[in-house]
Amino acid sequence: MKKNRFTYGLALGALGIVFGDIGTSPLYALKVTLSGIPINQFNILGVLSLIFWSLIIVVSFKYLMIIFRADNDGEGGILALLALMKHKSTKYQPVFYIVAIFGAGLLLGDGMLTPAISVVSAVEGLGTLSDKLYPYVLPIASLILVLLFSLQAKGTARIGYLFGPLILIWFITIAILGILQILEHPVVLKAINPYYAIAFLVDEGLRGYFLLGGIFLVVTGGEALFADIGHFGKNPIRFSWFFIALPCLLLNYFGQGANLIVRPEEISNPFFMIAPPWFYLPLIIIATVATVIASQAVISATFSLTKQAVLLGLCPKIPIVQTSMLHSGQIYVPQINFILFIGTMAFCLAFKTSDNLAHAYGIAVNLEMLLVDAMVAYAAVSIWRWSTFNVIFLFGLFLLIDLAFLGANTHKFITGGWVPIVLAFFIAFIMYSWRYGLEYLRDNFYMNKEDISKILKQLQYKSLNQLPGVSAIFITDVYDKSGGSFLHFLKLNRSVPENVLIVNYIVDNIPYVHYSQRYEIVCLDEKVCKLVIHYGFMETINIPRSLEKACNKNILPFKFNVDTATFMVEIPNIMASKEKRSLSFYWQEKLFAFLMRNYSANLNIEFYKLPYNRTIAIGTYCIL
């Protein structure tokens, strides 16, 4: 389902969701970068030149022109990229699998830091009104974040349409503030010349190199452009960037620089200081609204990433709540929301100011960009069939830039940047253990089972006691291709329903599955059929709804009413064994067993959208 259409409505929507993070970077990026060095014209022009060319090369060229080509049938993001690699059956799948799940973990860590630094930096504008208000910055920011996370369960369907216009107001506001300063001191326009960036780095030496860690803050949020392709399409995102976001950001950065050339003492808060005093309070309100929207976009993106991971079988079936009946992409993941809330509040309370938060922010995003570069470079060779020379030249440049930023960000590891990285390793390990455990179950407990059709013959199926008028639907999980729930039912009961449907779902490596490819059916007996339902990794799995559509289209050889049928699911009870080694480590087996016990029964029923009052769980026992 490729999304190349363009409308101004989509462009406005993209402005509100895609550019919230990168659009609020002027609140803190220039202040953090220039802190600790002399505030003079040479240094300001050098830093502005680095900002200008970073936005042009990293965001405008690398992401919007090159990385955008690596979409998976219109969907972007690191997990969609992983699915694309799997779809092409590359021999390096295991490597990219590890890379992708680590990258997903990094994005979750970023989802903790972005709301913290964005909201705190906006509320710090209160200090421009009065020094006496500084002590209230952290409590107010914390209150805003508490409200933000507590309202996630309500969804954004009612107010989401306002995000685009509100962020547009934000961009227009910061652009006007920048223009007013540039008109007074147009000398800052010299920074467009890359000479000033090079001269600054040469003159500052090692100190100048480490200042790239601050420069990188202006491109954080650039990864959201690729991740949100599926929501708005490539062309609306490109339009919003080149005609609104990029010009407004540059005007504001250059405006801050122009003001600092003549008023270097205002480095304490250069963003708010370019506004006239009478506009401080309105600007604080606008900035706070913009940062809340930016935070909401990051939280929603994390929810979407989690849903992709669940559907691709990379993590357990944690509860996913649909918050809108009209838009399938509007979801709420309670457990992820709680983790993000705890992490965000911990960062706020531990670091207290945007300056301190900036010393931890960026390294996780930097690593994620580096991983995406590597995956897209391989896609360019193996899928796009680019020449090796062109790939080495182009992506060598990208990797060199990202590695340069990463080197400059390394000092952030010990000042708080280690938290999202350690979290990423932990999440990646959980995903790896879950995936490896499912593969072990499939290969050792289910793959060796005898074919159902043979078992039916051995049991003399037609001679079994029939339950006339009863229809039963047996749901089998992704690791079970043999119909385990049905076989266990036969063992426990020597009677069978009149109509039996064994349902297995498969999540394909594409975002959406066309109706013509949705169903596969195999008749095992006159009244026993096996149905495979295909879903895309961006779709919501709803077994009853899919079955109802199949009945309406007369796909099944027998008639039954989905609203009265009984559903059967198999719940494996996994036990770890010290004597028998299945996974790499005993504690890894314990982790997998814990996840299976806590994310199987009720969550399977919720995941498949099965009716609780007509669903029976059948237990089975597996020793690893």
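Backbone N, Cα and C atoms are what each Cβ position is placed from, and that goes for glycine too.
Residues or ranges marked as transmembrane segment by Swiss-Prot on the basis of sequence analysis: 10-30, 48-68, 94-114, 133-153, 159-179, 210-230, 242-262, 270-290, 331-351, 363-383, 388-408, 413-433.
Taking residue pairs at least 6 apart in sequence, the transmembrane segment (242-262) and the transmembrane segment (159-179) share three or more C-beta contacts under 8 angstroms. Counting Cβ pairs closer than 8 Å and at least 6 residues apart in sequence, the transmembrane segment (331-351) and the transmembrane segment (94-114) reach three or more and so form a contact. Long-range contacts of the transmembrane segment (388-408) within the same chain, counting only residues at least 6 positions beyond its ends with a Cβ under 8 Å from a Cβ of the stretch, are 57-58, 62, 66, 209-213, 215-216, 363, 366-367, 369-370, 373-374, 376-377, 380-381. A Cβ distance under 8 Å defines the sequence-distant neighbours of the transmembrane segment (94-114), meaning residues of its chain 6+ beyond its ends; these are 21, 78-79, 81-82, 85, 220-221, 223, 227, 294-295, 298-299, 301-302, 305, 309, 314, 336, 339-340, 343-344, 346-347, 357, 360-361, 364-365, 367-368, 371-372, 374-375, 378, 419-421, 423-428, 431-432, 435.
Sequence-remote contacts of a segment are chain residues at least 6 beyond its ends whose Cβ falls under 8 Å from one of its Cβ atoms, and for the transmembrane segment (270-290) they are 20, 23-24, 26-28, 30-31, 34, 119, 121-123, 125-126, 128-129, 144, 166-167, 169-170, 173, 177-178, 180-181, 252, 255-256, 259-260, 263. Highlighted: of the candidate stretches 48-68, 242-262, 363-383, 363-383 has the greatest count of Cβ pairs under 8 Å to the transmembrane segment (413-433). Within the same chain, the transmembrane segment (242-262) packs against the transmembrane segment (48-68): three or more Cβ pairs sit under 8 Å, each pair at least 6 residues apart. Outside the transmembrane segment (48-68) by six or more residues, the chain places 22, 29-30, 33, 76, 188, 191-197, 200-201, 212, 215-216, 218-219, 222-223, 225-226, 229, 234, 237-238, 241-242, 246, 249-250, 253-254, 257, 369, 372-373, 376, 394, 398, 401 with a CB less than 8 A from a CB of the stretch.
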